[in-house]
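Inspection log for the structure reproduced underneath, given as structure tokens.
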Amino acid sequence: EKEKTLYIPFILFILYLEVIDFLEKDQHFREKLHNTDMEDIKQGKLAKELDFVSHHVRTKLDELKRQEVSRLRTLIKAKQDIEGGNDIAVDHQALLKQFEYLNHMNPLTFEVEDLDRLIKSATKDLENYDKERHEEFKRYEMMKEHERREHLKTLDEEGRRKEEEHYEEMKKKHADHPKVNHPGSKDQLKEVWEEADGLDPEDFDPKTFFNLHDTNGDGLFDEQELEALFTKELEKIYDPTNEEDDMVEMEEERLRMREHVMNEVDSNKDRLVSLDEFLVATKKKEFLEPDSWETLEQNQAYTEEEMREFEGQLARQEKDLNLKAVDLQKQREDLERQQEQLNAQKIELQQAVEHMERLKTQKVPSPPEMHLEGNDVPESLGHDQPPVPPEHQPLPPGHQDILPEQQQHDVPQNQQNLGQEPRNIPQENQPLPPGHNSLPHDSPQMPLDHNNVP
């Protein structure tokens, strides 16, 4: 809604002026426009005259409408892209309905309904725009006064006395200015004629004055052209280099002057002043003998009751903000606690991982798997284990039943002498164990049952 409010007063008014500019090129419509008052325009009587304009003008209006519809669709697409809805189907027809000043069911041609909507929307929104400007200025003035009062509360008695004296002094300095002429009066316009145009005030001529200040030459004074006429009067009151002068107040004073002249001169209420309307106004008593003009310092923008209500709203807003601040602080503390817990868990996990790594590096590897043949003893066992006495060593298979005396008898003579070094006897010449000597040398080797050995 806020975007619409910002868009309408400017873009809509530009479109309105473009349409009116095209229509005024048609002689028939121009005569109707100048002879119709604003109430009839608002009721749609002027829009019906669109059916009688030339084909060339209608073609231009059709093109203008197509451009505006395209511009609105581009605006909607841009807003959709910003909001991240690229994959969402958009009902452009429904969204375009928020811009009520055109009939979007027919996007190709400019019809009577379009002109009727455009005129009504433009006049309505421009009137609301001025009201919103006044309300905004009132809030500005009340906030300025509220801040001044709050500042006084922070001072001691002597500080408040000095601040109040300074405040009153600034008010007096601001009010001490040359007389301000009544806006739109003969005195005011003659002053512009003399000081801005550099012409002799005795030669003042209303028609010549109008043509000089109709800057776009369309035969009308619009709101901007009227406001430019008040610059000399405003410079009497406001100087941007003075502490006591507020430039925001100057713009409000300009708006008040323009509205006053429009109310007195704009007879058909179309927010434009034609040459005829201007010349008629120069013959009125208000133009020749106006009342004095009361400036803003003589007309306070707000009442004390409005000020109390405003301060009450500020107090409620401050309370709401404080509650939100407390809530946000609690949320922040909760998030900080959660972060601390996560950090502690992270540290514990890191410590566990480091502990596992240390265990891996300290673990002794298992001995490699070894394949032994016969009575071979692994080298590591010979070094790492104490020797087993001969009498406790296991005997080979088939020798278990041999008595100690018999074992001693069967030991070869050359092995009994432990002091002598044993000779290297070839394997084939070594004596066989008892019971093996009867086997022929070339007989096949058969498995022996050692249990049957004598």
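Numbers here mean position along the shown chain, with the first residue as 1.
Cβ atoms here come from the backbone N, Cα and C positions, even for glycine.
Copied over from TrEMBL, here are the features:
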COMPBIAS  148-171  compositional bias 'Basic and acidic residues'
REGION    148-185  region 'Disordered'
DOMAIN    201-236  domain 'EF-hand'
DOMAIN    253-288  domain 'EF-hand'
REGION    346-454  region 'Disordered'
COMPBIAS  386-397  compositional bias 'Pro residues'
Secondary structure tally of the region 'Disordered' (148-185) (DSSP, helix then strand then coil): 25 helix, 0 strand, 13 coil
Residue counts (helix, strand, coil, in that order) that DSSP gives for the domain 'EF-hand' (253-288): 24 helix, 2 strand, 10 coil
Residues in the domain 'EF-hand' (201-236) grouped by DSSP into helix, strand and remaining coil: 23 helix, 2 strand, 11 coil
Stretch-averaged pLDDT - the domain 'EF-hand' (201-236): 93
